Amino acid sequence: MALIVHLKTITELKGKGDRIAKVTFRGHSFYSRVLENCEDEAEFDETFRWPVGSNIDGSEMLEIQVFNYSKVFSNKIIGTFRMVLQQVVEEGYLEVTDTLIDDNNATIKTSICVEVQYQAADGTVGSWNEGEFLGNDSLQGEEKASQETDGLLPGSHRGSRQPGEKSFRRAGRSVFSAMKLGKSRPHKEEQQRQDEPAVLEMEDLDRLAIHLGDGLDPDSISLASVTALTTNVSNKRSKPDIKMEPSAGRPMDYQVSITVIEARQLVGLNMDPVVCVEVGDDKKYTSMKESTNCPYYNEYFVFDFHVSPDVMFDKIIKISVIHSKNLLRSGTLVGSFKLDVGTVYLQPEHQFHHKWAILSDPDDISAGLKGYVKCDIAVVGKGDNIKTPHKANETEEDDIEGNLLLPDGVPAERQWARFYVKIYRAEGLPRMNTSLMANVKKAFIGENKDLVDPYVQVFFAGQKGKTSVQKSSYEPLWNEQIIFTDLFPPLCKRMKVQIRDSDKVNDVAIGTHFIDLRKISNDGDKGFLPTLGPAWVNMYGSTRNYTLLDEHQDLNEGLGEGVSFRARLMLGLAVEILDTSNPELTSSTEVQVEQATPVADSCTGKMEEFFLFGAFLEASMIDRKNGDKPITFEVTIGNYGNQVDGMSRPQRPRKKESGDEEEVDLIQNSSDDEGDEGGDLVSVSSSPPMRPQITDRNYFHLPYLDRKPCIYIKSWWQDQRRRLYNANIMDRIADKLEEGLNDVQEMIKTEKSYPERRLRGVLEELSCGCYRFLSLADKDQSQLSRTRLDRERLKSCMRELESMGQQAKALRAQVKRHTVRDKLKLVQNFLQKLRFLSDEPQHSIPDVFIWMMSSNKRIAYARVPSKDVLFSIVEEEAGKDCAKVKTLFLKLPGKRGFGSAGWTVQAKLELYLWLGLTKQRKDFLCGLPCGFEEVKAAQGLGLQSFPPISLCYTKKQEFQLRAHMYQARSLFAADSSGLSDPFARVFFITQSQCTEVLNETLCPTWDQMLVFDNLELYGEAHELRDDPPIIVIEIYDQDTMGKADFMGRTFAKPVVKMADEDYCPPRFPPQLEYYQIYRGNATAGDLLAAFELLQIGPAGKADLPPINGPVDTDRGPIMPVPLGIRPVLSKYRIEVLFWGLRDLKRVNLAQVDRPRVDIECAGRGVQSSLIHNYKKNPNFNTLVKWFEVDLPENELLHPPLNIRVVDCRAFGRYTLVGSHAVSSLRRFIYRPPDRFSPNWNTTGEIVINMEPEAPVKKLETMVKLDASSDAVVKVDVTEEEKDKKKKKKKGTTEEPEEEEPDESMLDWWSKYFASIDTMKEQLKHQEAAAVDPEDKEEMDTTEGPKGHMKAKEKAKGAKEEKKKKVQNQGQGQGSDVPEKKKPKIDELKVTPKELESEFDNFEDWLHTFNLLRGKIGDDEDSSTEEERIVGRFKGSLCVYKVPLPEDISREAGYDPTYGMFQGIPSNDPINVLVRVYVVRATDLHPADINGKADPYIAIRLGKTDIRDKENYISKQLNPVFGKSFDIEASFPMESMLTVAVYDWDLVGTDDLIGETKIDLENRYYSKHRATCGIAQTYSIHGYNIWRDPMKPSQILSQLCKEGKVDGPHFGPPGRVKVANRVFTGPSEIEDENGQRKTSDEHVALAALRHWEDIPRVGCPLVPEHVETRPLLNPDKPGIEQGRLELWVDMFPMDMPAPGTPLDISPRKPKKYELRVIVWNTDEVVLEDDDFFTGEKSSDIFVRGWLKGQQEDKQDTDVHYHSLTGEGNFNWRYLFPFDYLAAEEKIVISKKESMFSWDETEYKIPARLTLQIWDADHFSADDFLGAIELDLNRFPRGAKTAKQCSMEMATGEVEVPLVSIFKQKRVKGWWPLLARNENDEFELTGKVEAELHLLTAEEAEKNPVGLARNEPDPLEKPNRPDTSFIWFLNPLKSARYFLWHTYRWFLLKILLLVLLLLLIGLFLYSVPGYLVKKIIGA
């Protein structure tokens, strides 16, 4: 194991000097010798060798540094060469010449030549000897030279360089020199890898470098057929696609179920809201709730659809809330929310559960949010399982913001945005009217029009907008934009753009394009808004010839795969986020259409001339319907090459009018002559017509022989190749990844060794590919025509791939043996992401269509994406089928291809395609098989550049094909008997042969070799060796009448042997491989076969290996598969346990009376004894029989085993009843138990100590230890206990411990609800902490003496862990101090699914085989397996190699008649009491028009049929039944129990809602003891009473006896020993009176609960449980109709009778009375203006209600004229109600309407609503504010009005929450809120109230009066006088009004008046006074 580096020369050195080289690998360096005075070349010629201890990783580096050597100073570096060893690791040898780089990573001229060799440890790589390596001159000189450079070039193959390609060197890439995605292929002739086996036993895959002649990377070698083309997929052929039938467009069943639970925070005052739910065009409404802003509905709606997935996922779900809708008026919309069905379907489990939808108003986008609706939405397709989270009492406080109904990654605050869809122009539209009318018009008016009137319609988020109609135009110009307004990011993923033809009668779609918004935007932090174009998108649909009734019209609507090009449309899309605060904004969301600014033509790219070349190498398998007329193949790209309506070069005036088309076509038959300059090309788009020849009964072929017709087409498109190149690179990475993942899965499936290494290789390849993308993607982009989307997508793809590369690298390191499966899942996500990224939303070149035409009719087609055949000089960028021979299967167009028509091949083409720019045309023939001459068209003689019109092959080789058809398994049933008569037909080029027909089997072993002679293949010999054509194998069912039915098809590649090779290992003889058979898109079985293609050399057939298989004389001339290929057989014995037959249906209307079972395997078999009277006893009397058979040593090759049931009729006639094929015997192979596993060792004892106090809780701490240590290991729990006790003590001081629940209070439901809580907790924990599987692994792998120690430490560790867990876990079972302080209640186990799914269907020894009959339907949807089941065979198998291991037969009590089936019970009839407990049903499918159902239970078992019709539950979809039913049954006659839920109807028959079936017999006989669940604790009274008639100790003794286990040994008390396990536990038991007495039952129960730890016989026993079973309805197969929770107990009648059944009747609600006293209000907003004074006041009253709606409301009297907002009431409300404490719901029963037959029970949350109103005399009262108090948790009231704030209600401040059920009496102030115009809450008042809760009995003893009445009346409120009406006492009122309010104002006026008076008097008296003064009087 070593890495060897041979450093040859270093050239182009500068100057003269001494040189030295340093070679470093893994940190270990060697120095070369010093070369003195060398000038420009240094010839070192030295070899360095590193022995390596661990395999070299492909990402490791080799580094060579070259120095100028100096004796004195330090050496000066010249340059460095670094190389990644990936290719060396894979191929073992590499020779490289490359330049060095300097310190700055820039290349310098100096170059180096080295050879590197690697020998891996396991010899998979480089196992030749060293001498060869050093002087390896076996390579020819030319080869060697090219190898030095070509090895580093992406675009070339070593030694097979493409013509005309210069050999050049890339500078600057030395670091990555070998790190390339498409690694160079090794040369075909390199000897060392010629002979590799076709199927590899993958030893050390990570390092494997076997190249199956075609240079796949080591890690990319496919294992046996995954994609069926396993081993050699070569460079000249590309993989054919095996799935044939179009899957899109086929309708399927879907069910959308929506539960509207409640709404909150609706905007508006005092509303009467109704919720309307719309899906597509269906609408349903909830009931109306009155006068509330937070209505509670809990209504369930179901919508059923039968449409194709595309249509389904584009449907819009719209939830809107409407205010006051009634019969007369439609109500006003409050707000709505919409999303598409696809968004829901993409969610985990296809559902949103309990999420809040945000409502917004589409007519007013500036308004903000309008409320929330809480709902569940689920979308189920056929076969989807929806895991509904368990419907328990949902009490968790709702965090609205944290549970919004939005997919992950969508922000909660969505903004309004405008979506501008710009429609510029279209071209290439088809004609949409008959030309007849046009010709008439032309004759009259002389005008000639384009026959189409197009317009564009865009659908988005339930709205649609359309452009104007452009009359009569094939190339319409619109330049319009359609504007949608929606929230961003939108929850509708696709936008549909459709070109339609406007017509007076009806408009039809011309073509449809879907824009997926996820592909044109990115929501990451560096993401971008949706943007597109301007770019052309191509539309495909039906064929272009116009007919009035187009059968493929659906294709134009975008359903299914288009079969022809229809048109291209130039469009753009932009999104603008709106600023809703802007006042100029139009606030409506109506769709608008306006003009858009035109864009320049060049913006979509520069027009370039493209050249498409195709060569038809073979056309075979032509359906015989088309065999009589000549056939031609037409290839089109866009409209080019289309003979129906050809198209001239764009951007120049059209040369011919459409009217002349017919004549033109006649002149030039198949070429569109563009009438250009003489030197220009004429396109030839179709092959010359040719008559097919017969291949066999079904198929014809075209005899091309050595002349292969060619086509070529010139076309003009915008040059946007870069987009396609990037997509191609990603596609390549994805294809490689997919292939690698398939391999890993196949390896895991077939249990090959080291899948983890292969996965590491896959990841390595992925990260290299990603880095390669980064280096290639961002180059040569002409900036001009790049759209914004191009730039953004490039950035985001580069980011994604870079991170993917890093993740892949990181993951690679984490891949371990045991994590392969988990990591595989992660890598699958990479694959999806790559596929998503590589899909380019902006099209450029349309796809290529190949049509098969017969007498000018289009028959069948194939469609090849243009990017797949696009050429690039960089290999990774080229399309995967470019310049390759692709096998195409033509299919029927449109709906004709659905169903069985889609399975048959119309024709198989071997077609070579090349598409590129005309200027790159020189290479277009490079990929064709060599050995041809070109035949040019006549007119192109002088021109060398003309493409050939056909190729004439001069070289041909003769071959013989040997097809070794061994067997097939799991085929489809094609006959009504449920079997088939299969034969296989093998096609190879133009020959076909059939195997023989084997009658009545689904698993034929043909064991037949088919020899095809005289096969002539054209081309070079060595190419044929690597690229043989594929073989098609079809399986048919032979019918006596009519033609054979098709059953499936698969492909294979033969292993080729050339004449000069030896027929010897490792490649020959080839090994058998499994090939997957497909029928349409469904898998239809596997074929085990091998194929070899042998060249017939000059000596003729004499050289071929002789055909010397065992000659089968009985079978005539049929040759069996020869010895070296057929599997090695050895003798096996198959023992069959025949138990009985069940549920056999009639055969040909006659009942089955005397059935018998025949078992057959590999030609041998055994028959059961005959059942003489099936009705009386359907069991067999002889239980075990056996037969011997030769089976292959390799378990994977084991043939299937067939079980057939026949009915023996009179006169020796037999009829087949049904059959079953066991396709894999692996699960029945007997593997002797490992005597050395810890479980077997019985030396030491193990004590399992159960906690003495409460054995229940201690389950967690039971630790399993290995038993081989001799000491008695005690698993002690005392430490933990102490801890806990301490904890408890501590706890009690801080918070009051919840008191132990009173035993008498507890009932079965307490236990049930406690268990549901536990189950929910456990589910949460499972999600939260998936324990790291790596630790577990370690524990399993520790063995040997070291192992013991380790295991012990582990156990210790585990204990510590447990301790931690217990403390953290809180609620799990393992804890005594839960956070919620849960009272101790014994629990049972609630399983979220059927019980049998947790116990492997109870098939521990008795298996059930379904017998099938009838053929599988043509339509995969129509018939499910269920419908084909005609009965069941119960029994088992055991397969072992013949000498039976001694130790078994020597065991005590071995009974040879039972063989391997020792100790099985007898199968005589037995009478059993079956007790069925039905707890409740959830989510029933509504059965009545009102969207509800009236369910009741019906139970059937044998002849017993119980219908509990009188106890139906009215109008309930979640009924609680709580009933038990006792039925006496006798097994085996009555063993299938059916529990159904029916819907009761007053008139007519009752409808089945759904049913579930339980096989009781398997449960009864199972070792898991499913008769009666083992409870957690043993108690003899109370709610947890022991149900089983046998006590735990009796059960334990019985189990020990049956399992031949030593024990049970009881004693000393509290201890029991079973085998070598000792269990301890409590030893005393309390009876009803509290007397304690000793008992062994507790420890016996402890042993039972840990029965799985008992060595050899242990298995978990079924605990006490409730199982949840899905209800199914045969009319709606596969879709769940609800769930039923139940459990079944069974008691044998010959044992003591069980006690009375448990009482699980539903809890009766308890009657309570809530007394609410409204004392006062304060700070109420004042609404009214006073009539006289304009003063603000309010006439306040308070309204309250508790249950339901306002029918229960109570109002106080009115406090008139409150001027301060203060009101005094002293008013008492009384609310009697019925309350279910367990569910925290109030129960009310009322009639829904006057027409209802009976009352309906509703459960609603206990919420008290208090509202304040302003009373008005003449108009409606005004609503002022409200508060809703949830009686279980509401904020404690404030002590005074001042302390009472708005935040108490909105929850913004932490307020202690109280529950009225605990506090009983609460008094305080609460705020009342309403919303203002801006939808914000504001405080509108405060109310002081007192709540007092009494039970009904207490209320009776202590009655009070309503309002202020007797008894216990409240005193009258002290209200100011003004509350009397003012006209009674006007003065008093006036005084109150005026003085009270305006007193300061009045005083001021008084002062002013006095002042004025003073001044007036002053002025009045001044003149007189002055006069007096003057006169001096």
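All residue numbers here begin at 1 and follow the chain in the order shown.
Just so it is clear, glycine is given a Cβ too, placed from its N, Cα and C backbone atoms.
Copied over from TrEMBL, here are the features:
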COMPBIAS  659-679  compositional bias 'Acidic residues'
COMPBIAS  1294-1304  compositional bias 'Acidic residues'
COMPBIAS  1332-1341  compositional bias 'Acidic residues'
COMPBIAS  1343-1363  compositional bias 'Basic and acidic residues'
COMPBIAS  1377-1387  compositional bias 'Basic and acidic residues'
DOMAIN    1-98  domain 'C2'
DOMAIN    236-357  domain 'C2'
DOMAIN    400-531  domain 'C2'
DOMAIN    943-1068  domain 'C2'
DOMAIN    1115-1241  domain 'C2'
DOMAIN    1444-1573  domain 'C2'
DOMAIN    1694-1845  domain 'C2'
REGION    131-169  region 'Disordered'
REGION    640-692  region 'Disordered'
REGION    1277-1304  region 'Disordered'
REGION    1323-1387  region 'Disordered'
TRANSMEM  1942-1964  transmembrane segment
Between the domain 'C2' (943-1068) and the domain 'C2' (1115-1241), are there at least three Cβ pairs closer than 8 Å, leaving out pairs fewer than 6 positions apart? yes
DSSP tally for the domain 'C2' (1-98), helix/strand/coil in that order, comes to 6 helix, 60 strand, 32 coil
Determine whether the domain 'C2' (1694-1845) and the domain 'C2' (400-531) share at least three Cβ pairs under 8 Å, counting only pairs 6 or more apart in sequence. no
Might you confirm whether the domain 'C2' (236-357) is in contact with the domain 'C2' (1444-1573), defined here as three or more C-beta pairs under 8 A between residues 6 or more apart in sequence? yes
In this predicted model, what is the average pLDDT of the domain 'C2' (400-531)? 85
Would you mind splitting the domain 'C2' (1444-1573) into helix, strand and coil residue counts from DSSP? 17 helix, 53 strand, 60 coil
DSSP says what for the domain 'C2' (943-1068): how many helix, strand, coil residues? 6 helix, 63 strand, 57 coil
Provide the three-state DSSP residue tally for the domain 'C2' (236-357): helix first, then strand, then coil. 14 helix, 62 strand, 46 coil
